[in-house]
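Undergrad: Shown below is the structure under consideration.
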Amino acid sequence: MDVLISSATMCISPKNPFLVRSARPGSLILPKPRSPANSVRFHRVAAVAAARATAIDLSDPEWKLKYQRDFEERFNIPHITDAFPDAEAIPSTFCLKMRSPTYINNKDRVLLKVINYSSPASAGAVCIDPDCTWIEQWVQRAGPRENIYFRPEDVKAAIVTCGGLCPGLNDVIRLIVITLEIYGVKNIVGIPFGYRGFSDKNLPEIPLSRKVVQNIHLSGGSLLGVSRGGPTVTEIVDSMEERGINMLFVLGGNGTHAGANAIHNECVKRRMKVAVVGVPKTIDNDILHMDKTFGFDTAVEEAQRAINSAYIEAHSAYHGIGVVKLMGRSSGFIAMQASLASGQVDICLIPEVPFNFHGPDGVLKHLNYLIETKGSAVVCVAEGAGQSFLENTNAKDASGNKVLGDIGVHIQQETKKYFKENGVAADVKYIDPTYMIRAVRANASDGILCTVLGQNAVHGAFAGYSGITVGIINNHYAYLPIPEVIAYDKSVDPNSRMWHRCLTSTGQPDFL
């Protein structure tokens, strides 16, 4: 997958490490640096400094207008007519038996940011300038259009699921197939085992229809199978051209979307009339701009079982300590939300917030306090937290992701060692429910999200959009250009109200 990732249209500015630029000329995004996590003021100052040092000159009386124009340019989604100005639009074939469908106007927009911060000191504030000037940022609303740019009888649609498993994959596959059939598409196939299926001659296409997918949402996993890595962009597009695929639906995370964007660009370069549409799949919920990604709610719900088991084990033992490790390579959303939901967690550790194990303000000292005062404790840790305490092997998986050390085992071992050295009996249990959570079927909340995402992915493709992804933004569904959602990972803001709520629930101090 390294080739695909390297094709992603994003880069880090050598002049300013906090500035991420997309490939579109003149565009800029101001992410928050990852550390030090508690230096919230540092985050905002860095962002403002980046703005001053680059395209935005805050002394320019028209900077606000220029910023808005830059935003509109970056979030303008690619369309078939960009490469084929003479492409014919025909009346939509999306016809429901019960009634005529209602269509989305192409000028409909969804507001990206809904909080007008009055001060940089406000919790969770992300400001463009020191005065927190309000600038409306609108993105394209998702849904069926009155005119479409593909004739259903000419469409060969393909679906591919990449990366790891995630609750809801089958739900999305199912709704993509059903919606395609409502439009009138007869030729629908699944590409087996991720991008690998485009090049492996031993992996034939899987014919898909409503009959095939009708009940697949009742099971976890992916009907099509998943894998990491795969062939080069050139090989994938060669395969698509050979197979006659002109609609490709890609379900995956940041790396997979980088590949989808590279495929879109290669199709444009070859002047192939192809719609490439992504559906964000990451259980970690680390995709930019979106309220949440499918599978996240299910993961938080399933994590409750592990946390409750850890609590029972700890509460039932003499000086019991339960340690639960949850998913979250670079973002601690699952650990934070699961801790907040359970009400049984005493310590929550996430990648965005640094901590010490030892010392007067360390995690172990607080565990000792909890044992003395409560008699038991529960620790919830995201898998990417505390990696600086573990040996760095520099190993990477097939997707190019760093192979993480097991922070859960490390906490268990350090905790046992600490209490033994202090002559205190402690019974430490460690639970890692990762693969149990990934493999379950989607819950009701995720089932609804998957249904709407699958439908809107098809609507976007028939509307002629390509190089886009679909997501939920402020409870409304929208289309976004892929480069803007893969610029960097979304992460927990240590100054956000949600993290503060988690700290209020656990009662933990700063471990620094």
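Backbone N, Cα and C define each Cβ position, glycine as well.
Caution: TrEMBL annotation is automatic and unverified by curators.
Checked TrEMBL, it gives:
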DOMAIN    157-459  domain 'Phosphofructokinase'
BINDING   GLY164, ARG228, GLY229, GLY253, ASN254, GLY255, THR256  ATP binding site
BINDING   ASN254  Mg(2+) binding site
SITE      GLY255  site 'Important for substrate specificity'
BINDING   THR282, ILE283, ASP284, MET327, GLY328, ARG329, GLU383, TYR435, MET436, ILE437, ARG438  substrate binding site
ACT_SITE  ASP284  active site, proton acceptor
Undergrad: Just counting, how many other CB atoms are there within 10 A of the CB of GLY253 (ATP binding site)?
TA: 25
Undergrad: Check each residue in the chain of ARG438 (substrate binding site) that is at least six apart in sequence and keep those whose C-beta is under 8 Å from its C-beta; list them in sequence order.
TA: GLY164, LEU165, CYS166, PRO167, GLY220, ILE283, ALA299, MET327
Undergrad: Please give the greatest C-alpha separation between any two of the substrate-binding residues THR282, ILE283, ASP284, MET327, GLY328, ARG329, GLU383, TYR435, MET436, ILE437, ARG438, in angstrom, as a whole number.
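TA: Taking every pair among THR282, ILE283, ASP284, MET327, GLY328, ARG329, GLU383, TYR435, MET436, ILE437, ARG438, the longest Cα gap is 17 Å.
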Undergrad: Of these binding-site residues, GLY164, GLY229, GLY328, which scores lowest on Cβ atoms within 10 Å?
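TA: Relative to the other binding-site residues in GLY164, GLY229, GLY328, GLY229 has the fewest Cβ atoms within 10 Å.
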Undergrad: List every residue in the same chain as THR256 (ATP binding site), at least 6 positions away in sequence, whose Cβ is under 8 Å from its Cβ.
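TA: In sequence order, CYS162, GLY163, GLY194, TYR195, VAL250, GLY278, LYS281 meet the Cβ cut-off.
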Undergrad: Name the residue among the binding-site residues ASP284, GLU383 whose Cβ has the smallest number of other Cβ atoms within 10 Å.
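TA: Among the binding-site residues ASP284, GLU383, the lowest count of other Cβ atoms within 10 Å belongs to GLU383.
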Undergrad: Around MET436 (substrate binding site), how many other C-beta atoms are within 10 angstroms of its C-beta?
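TA: Its Cβ shell of radius 10 Å holds 14 other Cβ atoms.
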Undergrad: Max Cα distance spanning GLY164, ARG228, GLY229, GLY253, ASN254, GLY255, THR256 (ATP binders), Å?
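TA: Pairwise Cα check on GLY164, ARG228, GLY229, GLY253, ASN254, GLY255, THR256 gives a maximum of 13 Å.
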